[in-house]
Amino acid sequence: MESEQLFNRKGYYRNSYNSIASASSDEELLDGAGVVMDFHTSEDDNLLDGDATSPGSNYVMSNGGGVMSSTTHLLDFLEEPIPGVGTYDDFHTIDWVREKCKDRERHRKINAKKKESAWEFTKSLYDAWSGWLVVTLTGLASGALAGLIDIAADWLNDIKEGVCLNAMWFNHEQCCWGSNETTFAERDKCPQWKSWAGLILGQEEGPGSYIMNYFMYIYWALSFAFLAVLLVKVFAPYACGSGIPEIKTILSGFIIRGYLGKWTLLIKTVTLVLAVASGLSLGKEGPLVHVACCCGNIFSYLFPKYSKNEAKKREVLSAASAAGVSVAFGAPIGGVLFSLEEVSYYFPLKTLWRSFFAALVAAFVLRSINPFGNSRLVLFYVEYHTPWYLFELIPFILLGVFGGLWGAFFIKANIAWCRRRKSTRFGKYPILEVIFVAAITAVVAFPNPYTRQNTSELIKELFTDCGPLESSQLCQYRSQMNGSKAFVDASPNKPAGPGVYAAIWQLCLALIFKIIMTIFTFGLKVPAGLFIPSMAIGAIAGRIVGIAVEQLAYYHHDWLVFREWCEVGTDCITPGLYAMVGAAACLGGVTRMTVSLVVIVFELTGGLEYIVPLMAAVMTSKWVGDAFGREGIYESHIRLNGYPFLDAKEEFTHTTLAREVMRPRRSDPPLAVLTQDDLTVEELQGIINETSYNGFPVIVSKESQRLVGFALRRDITIAIENARRKQEGILLTSRVYFTQHAPTLPADSPRPLKLRSILDMSPFTVTDHTPMEIVVDIFRKLGLRQCLVTHNGIVLGIITKKNILAHLEELKEHTEPLASPWYYHKKRYPSSYGPDGQPRPRQHNVQLVTAFPGRQADEEESEEEVVNLLDGRGSTL
Amino acid sequence: ILVLQHRKMRSSVAFKLLSLVGLLLMSTQTTDAKNSEDIRCKCTCPPYRDIDGQIYKQNVSLKDCNCLHVVEPMPVDGKDVEAYCLRCECKYEERSSGTIKVTIIIYLSILGLLFLYMVYLTLLEPMLKRRLFGHSQLQNDDDVGDQQPFANAHNVLSHSASRPNMLNKVEHAQQRWRRQVQEQRKSVFDRHVVLS
């Protein structure tokens with residue numbers, strides 16, 4: 001602070017540090033004389049060798065002096081804190097750099113005080129530990145909630161079919177826990193468990209009871225779905241959907257107030273159970289990530305370190321999403337990788353360790369609750385360890401192709417449907433839509449045993465290999481010894497019996513049904529995840545392929561491939577493995593995850609041997625899917641909704657310059673700026689009321705347009721309001737100044753208002769000739785919110801994240817008439833592309849603009865002079 | 001438990017979560033004392049010769065969980081027992097029925113409370129208001145969202161101002177919450193800005 005002796009002369013700021021370093025007498029002369037620069041006549045060339053016309057003494061205010069002035073700014077900030085300054089409005093983007101700076105400052109303060117007393121030392125310890133504490137609490141809460149959801153969803157799902165008489169809180173399996181029905185045929189039946197028909201009509205069998213059960217199934221499905229959508233609509237509309245696109249956007253630095261709040265958590269937890277139990281084609285995994293993030297957000301309010309800092313809070317949320325996947329799939333490592341690969345935007349090592357820990361705690365809690373009664377975290381744990389053979393890679397890759405095609409098709413179809421919902425009147429009836437879809441699902445699902453049962457149980461059954469202990473229809477192979485008897489010694493590589501053929505037909509129907517229903521279900525206004533339905537589709541397809549290959553190997557064991565690897569009489573094909581690979585491939589096609597997906601699937605199934613098939617299938621499905629469109633479902637939904645999400649995975653390969661992107665554009669009204677010391681409160685309020693921009697560059701004066709700093713609209717309004725309440729003598733005619741010392745004023749003027757504390761004196765600036773590649777990189781890597789464009793230290797314009805997104809979208813429209821990447825590859829910029837360097841621009845949503853019209857760019861000025869000056873400047877561009 | 005839940009609902013959800021965690025852990029601990037119903041050894045025996053596949057469940061401890069202890073009556077003669085038992089697969093399983101019971105009851109009571117509150121909010125309260133105050137009060141909720149740029153500042157600062165008493169605080173919080181939900185409903189269901 002001492003090093004930056006700022007003093008005021010003739011309304012100018014002079015930085016002594018810099019005046020020694022760079023200011024020549026020439027510049028001083030020009031500057032001191034207060035020459036009004038004539039920008040009308042200045043051409044580009046003039047501006048380029050701008051040293052002659054633009055004195056350097058103020059130049060440092062924007063760049064060179066940034067470090068020091070920022071400490072000034074922060075200390076000022078601490079001296080007179082105004083409540084609310086530095087917070088963000090709803091639907092605004094955070095400034096990562098500013099937040100991180102704030103956190104470091106806070107940390108320095110605590111460290112400095114640490115030695116003062118024991119109490120301060122304890123406080124510093126608490127502060128250091130609060131990161132681990134908050135992830136522990138998050139892990140505990142998300143594990144407990146996942147246990148609750150698992151147990152309640154299982155129970156409620158079975159309520160559709162019947163009820164446990166002696167203890168109504170047990171689901172079907174728990175109800176028959178100790179029953180003594182010994183034969184395979186009756187393994188699912190026990191006297192305690194009554195189907196609705198048995199309860200109402202008094203008979204378990206027969207067409208009458210079938211119809212009764214059918215009716216009760218539909219009735220319960222409809223009432224669960226109706227209750228879910230009603231609760232969502234009345235209490236927490238943000239609880240609908242999967243939540244992962246929004247969490248991705250939030251983690252990239254966007255504020256959606258209430259999205260991770262208490263009510264969202266409560267309603268999402270409660271309605272998720274209802275939605276899963278209603279039999280809709282949805283899963284609970286994605287919403288569980290949302291639930292865990294809500295826990296993380298709520299617990300971060302207990303710790304000032306996280307509640308006051310949006311960037312730090314996002315670290316907790318990253319860890320929370322890892323915990324969410326950890327409990328959703330019972331895959332702790334997969335959760336950490338999921339957070340890294342799919343959700344997080346900023347993921348330093350420290351966050352990795354915390355995510356790891358949160359995932360561990362959550363998995364531990366869930367394991368101790370033991371929701372499935374199998375002492376495992378997951379429902380589908382495979383127990384076979386049969387080897388696989390090299391030739392099987394061909395069907396695995398085919399499954400990968402299927403997964404990619406399904407993913408591409410699903411994304412296209414679902415986005416088209418959601419766009420329709422978004423843009424037409426059809427979106428006005430969310431409750432009716434849910435009921436309609438639930439009714440169709442229930443009516444179609446009941447007759448087919450593979451769609452009637454819970455989707456995760458279906459996946460479990462498909463993953464399980466046929467052993468002698470299995471009694472499902474899928475395993476009714478004809479034994480070789482006596483061709484008539486079904487399910488005898490049902491090891492595979494036997495000719496399929498009638499049961500298997502029937503099962504394949506039913507599975508084919510189930511596949512078609514699931515494909516269609518999932519497209520219409522994802523996006524309903526109930527909590528709806530995508531993982532389980534996608535996996536189910538893949539598992540069905542995989543199982544069918546597996547049985548086909550198996551029968552092929554049986555009937556054509558003299559073929560070269562089979563003769564080599566598959567001897568007669570041995571079981572070399574495991575259809576369950578195909579189901580597993582298919583599930584991974586379909587999930588990969590939809591979400592375009594790779595590493596985390598493989599890890600999740602192998603943690604989910606415990607099949608450590610099958611990593612290579614999984615990798616091959618997932619990679620193939622990603623390639624095939626990417627050929628049809630590079631976005632996964634979550635990115636597509638982000639784009640559909642127009643969230644300001646700048647993907648770090650894409651490359652920017654165009655050759656535009658910063659000045660082509662910045663606002664104001666040539667045709668726009670000129671940039672509105674604030675001057676550092678000659679505005680009154682009234683004028684400032686006038687500017688704020690007339691414009692809708694979210695921030696204003698502060699310049700030295702109208703004559704010399706040098707940049708001083710940047711002030712946010714929200715901060716200005718809060719500061720003015722605060723001054724009106726707390727400080728006396730602030731009138732409408734009071735002078736507002738952003739300088740260190742008050743300007744010299746006439747004696748009778750009212751007390752001036754100092755707003756230096758809200759001024760960001762180190763705004764990021766680029767010059768107008770900076771290539772956009774660099775600008776985009778700066779935005780991505782530093783997480784900027786806005787960046788000022790200068791020329792010779794003079795503010796020309798501003799680039800915001802949303803401008804960049806709009807620009808990307810514009811470029812996409814102009815240069816990419818086809819969606820396919822190879823078109824781009826060959827015809828446009830052949831040299832500048834990597835193997836997958838395909839820019840994927842994002843759409844800016846027009847509708848959001850009403851909510852926050854601030855492109856926070858280009859402002860208009862009330863003063864005529866400035867308008868002229870700026871006009872002139874505009875014409876030089 | 002209903003009363004307990006009710007009080008919990010009133011307090012913040014964070015605390016409810018904490019207590020829920022505690023409750024669940026507590027219940028698992030109490031039932032860890034090996035409730036006799038909560039363990040079983042399940043032996044699945046595949047078809048053997050002309051005997052159909054059978055499932056046997058017994059309430060035995062982990063060390064006794066094998067075919068010889070669990071399968072009774074043994075369907076085969078003495079010399080075939082070994083061959084039969086080799087094919088059987090025995091699994092020891094545990095559950096905690098207490099956790100399940102508590103969870104389901106908690107879930108149902110939360111669901112019930114939410115349902116009642118929903119009915120109150122959507123049906124009863126407008127009716128009561130209309131009866132008590134006439135139509136004028138109903139309009140109040142709608143015109144809060146003003147577009148004044150300084151309204152925000154008012155909000156932020158009044159938030160930090162001193163609060164009179166508990167009742168007003170609750171009232172205020174409830175009002176704010178309802179406004180938020182209304183805003184959310186608008187952006188999700190009407191304008192389709194988010195989450196479509």
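Cβ coordinates are placed from backbone N, Cα and C, and glycine is handled just like the others.
Keep in mind that TrEMBL annotations are predicted by a computer and have not been checked by a curator.
Lifted from TrEMBL, the feature list:
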- A:662-728: domain 'CBS' (DOMAIN)
- A:759-816: domain 'CBS' (DOMAIN)
- A:853-877: region 'Disordered' (REGION)
- A:217-239: transmembrane segment (TRANSMEM)
- A:259-280: transmembrane segment (TRANSMEM)
- A:287-304: transmembrane segment (TRANSMEM)
- A:316-340: transmembrane segment (TRANSMEM)
- A:389-411: transmembrane segment (TRANSMEM)
- A:431-450: transmembrane segment (TRANSMEM)
- A:503-524: transmembrane segment (TRANSMEM)
- A:536-557: transmembrane segment (TRANSMEM)
- A:577-602: transmembrane segment (TRANSMEM)
**OP:** Could you tell me whether the transmembrane segment (A:389-411) and the transmembrane segment (A:316-340) have 3+ CB pairs under 8 A, leaving out pairs under 6 positions apart?
**Re:** no
Subject >> For the transmembrane segment (A:217-239), distant same-chain residues with Cβ under 8 A (at least six beyond the ends) >> reply: 156, 159-161, 256, 258-259, 261, 263-264, 266-268, 270-271, 274-275, 277-280, 430-431, 434-435, 437-439, 441-443, 446, 452, 524-527
Subject >> Positions on the same chain near the transmembrane segment (A:431-450), where near means CB under 8 A and six or more residues out >> reply: 213-214, 217-218, 221-222, 224-226, 228-230, 233, 278-281, 421, 458, 473, 503, 506-507, 509-510, 513, 517, 520-521, 524-526, 540
**OP:** Answer with yes or no whether the transmembrane segment (A:259-280) touches the transmembrane segment (A:389-411) by the criterion of at least three Cβ pairs under 8 A, sequence separation 6 or more.
**Re:** no
**OP:** For the transmembrane segment (A:259-280), name the stretch out of A:287-304, A:536-557, A:577-602 with the most CB-CB pairs under 8 Å.
**Re:** A:287-304
Original post:
By DSSP, how many residues in the domain 'CBS' (A:759-816) are helix, how many strand, and how many coil?
Top reply: 26 helix, 18 strand, 14 coil
Subject >> For the domain 'CBS' (A:662-728), residues assigned helix / strand / coil by DSSP >> reply: 24 helix, 17 strand, 26 coil
**OP:** Would you report the average pLDDT that the model assigns to the domain 'CBS' (A:759-816)?
**Re:** 85
